[in-house]
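Below is one structure, written out as structure tokens; the observations come after it.
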Amino acid sequence: MDVLDLLVRNTSEVLTVEGSHRERAEDALTPRPGAVVGVREGRIAYVGPEAGLPTGAVGPGTEVVDAQGGFVGPGFVDPHTHLVFAGERSAEFDLRNQGATYLEIAKAGGGIASTVQATRAASEEELVRLALPRTKRLLEQGVTTAEVKSGYGLDLATELKMLRAVRRLGTLTPLELVPTLLCAHAVPEEYRGKREDYVRLCIEEILPAVAREGLARFCDVFVEDSAFTVDEARRILSAGRALGMVPRLHADQLTVCGASELAAELGAATADHLEQVTDAGLKALADANVTAVLVPTSTLFLRMRPYAPGRRIRDAGLNVALGTNVNPGSAMSENTALALGLACLENGLTAAEAYWGATRGAAMSLGLQQHGRLTVGDAGDLVVFSCASYRHLPYHLGVAHARVVVKAGRIAVRQQMEGCA
């Protein structure tokens, strides 16, 4: 073995997360008590007992991280974010707390429309500047990879501007970004009463322009009574797939609308939200091997019920991923630790199932085969936590405990922490 670039030692355990979502989550996390982790050239090079390290693996240039008895796991992967936007909507937050609903605010011209106005007015440079602190907060939570959606442009120029900002942002932060086109987030004000014209704009102009520049890996649609119909979503997502963008769907969040069945029909990568999913929808998703992405922070933020039925989803055999859905309107929070806690308290998952969802489950949803686990050859993305067990993360609600965050073998975050209680 060549000399390691980085070695993490003195761990309580290392979670390599080598298992499958079809087995018991506690087993799928594959804990290695007292193991060390070695990284070389941005990849995992060794996981095992320290005594098993080959002679010469640790040299003068090896950075040695003392885990101080904390556990080590893969970097978190956030499969659902809206990191790039301008403006803020704290006034709407206050209105909701006085009884206004999300749909009432949207119909009055607030909601997504207000963020669209601010994002259209911002330059690409300003969008990058505004998003950089959000990436830092995600990194401090232990997130090393995040999906990022557009969707606050709703016109050709601004959707391109947002995705170019995502690309630029990825050169300025250690956080790895996976771009998704969400031009079908809402029908913009100027197309009110002309929704078919907007659907055609998405299909005939926005999608081809994004594909020409290679700006998005995925294409998403918000399928809902207040957004896009199943038929409209089918047309947009099929057009995106023809251009190389894999479908993702905002599905069955506010009403039962057939979005889960559509995700299954299209063989989508994910169906996200699923607060209103039916048993028939779950069966369709399971049969089509679609990942369910839970975003409980938004359910909390909107003061809605029910939460997505995580227990039923998991028991139906679906791979479950867990995201923050950080966005200015329905989940202004980069707190992965809070999402883990809510997944247990409100979605009905065990601590192991929630941890799987934030690591390997999320990586699978993005098609990232070498992320979200720690086996030799995988991405050198890992987190050294200040607590001895992953079970402490959802229990200590909203507290990250990410003491050292490593991205591609380099330390991206180092935070002073003593103990975990």
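Using the three backbone atoms N, Cα and C, a Cβ is placed for every residue, glycine included.
Long-range Cβ contacts of H82 (Fe(3+) binding site) within its own chain (separation 6+, distance under 8 Å): V148, K149, G151, Y152, L182, N325, V326, N327, P328. Per Swiss-Prot, the feature Fe(3+) binding site maps to H80, H82, H250.
Feature annotation from Swiss-Prot assigns Zn(2+) binding site to H80, H82, H250.
Sequence annotations record features per position, and here Swiss-Prot assigns 4-imidazolone-5-propanoate binding site to R89, Y152, H185, Q253, S330. DSSP assigns R89 (4-imidazolone-5-propanoate binding site) to coil in the three-state reduction, placing it in neither a helix nor a strand. All chains included, 22 other C-beta atoms sit within 10 angstroms of the C-beta of R89 (4-imidazolone-5-propanoate binding site).
The N-formimidoyl-L-glutamate binding site annotation in Swiss-Prot covers Y152, N327, G329 and is backed by sequence analysis. Using a 10 Å Cβ-Cβ cutoff, N327 (N-formimidoyl-L-glutamate binding site) registers 25 neighbours.
Counting every protein chain shown, the number of other Cβ atoms lying within 10 Å of the Cβ of H80 (Fe(3+) binding site) is 31. For the recorded site, H82 (Fe(3+) binding site), the DSSP three-state label reads coil. H250 (Fe(3+) binding site) sits 9 Å from H185 (4-imidazolone-5-propanoate binding site), taking the Cα positions as reference. Here the binding-site residues are H185, H250; the one with the fewest Cβ atoms within 10 Å of its Cβ is H185. Taking only the Cα positions, the spacing between H80 (Fe(3+) binding site) and H185 (4-imidazolone-5-propanoate binding site) is 14 angstrom.
Under a cutoff of 8 A between CB atoms, and with a sequence separation of 6+ in the same chain, the neighbours of Q253 (4-imidazolone-5-propanoate binding site) are E224, D272, H273, L274, E275, Q276. Here the binding residues for 4-imidazolone-5-propanoate are R89, Y152, H185, Q253, S330. Their largest Cα to Cα distance works out to 21 Å.
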